[in-house]
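Here the structure comes first, spelled out in structure tokens, and everything after it is commentary.
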């Protein structure tokens, strides 16, 4: 006996696809997007908040992929690590943090050195300068004998040539602190790779663990180093790992990684702590005391300064509890976002959850391959739809974000048009399955690629993001077109409750978001329906 085919809800997350009415530097408006344009004209749509307090960040803080996917998947406002750590500094508990003090005590008791490694910017996506300044205060109050700072330059979540201003803040702060030295500088392209391009990680690792200088005899002024690369047309993100002073990592040293976002720090930490490590030749360093701000990867077994909160009953877990099947697909750059982050930090799939990882192109920067792997992601998605077994399919298209980060407008426009073509194919497949297609984004980026001064902008934005609901004629919500209306002032936290509403599944109490669908006078759903209970 043939099983009845499932009419899926397909959630397509267009990473970095924000909304702006401005035309200048707006790759999304400039691009030819007939599919998205038609869907916006034909189907119910609204705009959602994807930044600031509505997604668990400080007021005015731009959103990012981790936060966006966590909020979408959680159906609630989750206090993000940026806020949690900032609050601990404000209420002084940071300075009494047991693990931070233990790292300092290790360096003191063994008369070794303490190393601080992390991204040096105020971008607030992976780290924050305030956290580094607070760490220096802890080390000073504990009288750590030697403190070496290894700075990773940004240029991706900040202006592309802003590193000197951030490093100056640190340099000025430690000017009269003789025990503190800025030891190395490395662009995030090398130190924060997350796509298993181990040659990049090796370059950062080698400088951290070697006393050799790549530029000239040490010590070297950070301004001279950065100007050296600026004059070669190399921006902050791509500064090669360089030593400007003494302070390599040696046996018995303590190390604190102060990035709070895990995905781009895993590889470097892995190279330092994993035994055996087979991705490149490493030094035989022993008795290291390694502390990470957050849980980068449970297999690394490092101490944690800020352990994760337990997050239950995200969308994936809820769907699984009802015995329904679900599917996640993304290319390498965003795979963790539709799995780990979307599931609230759960590394293993839930029962009934299938996953597909599509490899991102092996290029140095994505302006060399603006299509990325969007077409293959679409093929895998359509295949999952056609199986007729999945109630919920979650897809990420990485193009708008990854190309937006390059600052290359022409290539970003090309990537936007590629995604639009893919959405056309996806729309056809969902329509044929009588499913429901939801299109949204996790944060803005590609809609703002020029600053007011006309220079390249590579960072995320605080702009609203689209939410489009496209229903098949026999989908669970009656309407097919303009008969569904949305609440105003929604946020990403309302996406999961909306999906559960369409699936006719009861929202768990942990989900504080609300369904975006209102029972307008045109609404033909059964207003007295009883949600399916667990």
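Glycine residues also receive a Cβ, built from the backbone N, Cα and C atoms like all the rest.
Not measured: the values here are computed from a predicted model.
Swiss-Prot has this to say about the protein:
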type	residues	note
ACT_SITE	65	active site, phosphoserine intermediate
BINDING	15, 65, 442, 443	Mn(2+) 2 binding site
BINDING	126, 156, 157, 188, 194, 261, 262, 263, 264, 334	substrate binding site
BINDING	401, 405, 460	Mn(2+) 1 binding site
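Everything Swiss-Prot records as a feature, shown here on the structure.
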residue: 65; record: active site, phosphoserine intermediate; Cβ neighbours (10 Å): 28
residue: 126; record: substrate binding site; Cβ neighbours (10 Å): 26
residue: 157; record: substrate binding site; Cβ neighbours (10 Å): 21
residue: 262; record: substrate binding site; Cβ neighbours (10 Å): 25
residue: 264; record: substrate binding site; Cβ neighbours (10 Å): 21
residue: 401; record: Mn(2+) 1 binding site; Cβ neighbours (10 Å): 30
residue: 405; record: Mn(2+) 1 binding site; Cβ neighbours (10 Å): 24
residue: 442; record: Mn(2+) 2 binding site; Cβ neighbours (10 Å): 32
residue: 443; record: Mn(2+) 2 binding site; Cβ neighbours (10 Å): 29
residue: 460; record: Mn(2+) 1 binding site; Cβ neighbours (10 Å): 31
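In sequence order, 15, 16, 64, 65, 156, 157, 400, 402, 404, 443, 445, 446, 458, 459 are the residues of the same chain, not among 401, 405, 460, whose CB sits within 8 A of the CB centroid for the Mn(2+) 1 site. Neighbours of residue 443 (Mn(2+) 2 binding site) among the binding-site residues 126, 157, 194, defined as a Cα within 10 Å of its Cα, are absent: none qualifies. Cα distances from residue 264 (substrate binding site) to the recorded positions 15, 65, 401, 405, 442 are smallest for 65. Put simply, residue 65 (active site, phosphoserine intermediate) is 11 Å from residue 126 (substrate binding site) when counted between their Cα atoms. The local packing around residue 15 (Mn(2+) 2 binding site), expressed as other Cβ atoms within 10 Å of its Cβ over all shown chains, amounts to 26. According to DSSP, residue 157 (substrate binding site) sits in a coil region rather than a helix or strand.
Within 8 Å of the centroid defined by the CB atoms of 15, 65, 442, 443, the record's Mn(2+) 2 site, lie the Cβ atoms of 13, 16, 50, 63, 64, 68, 69, 334, 337, 401, 441, 445, 460, excluding the listed residues themselves.
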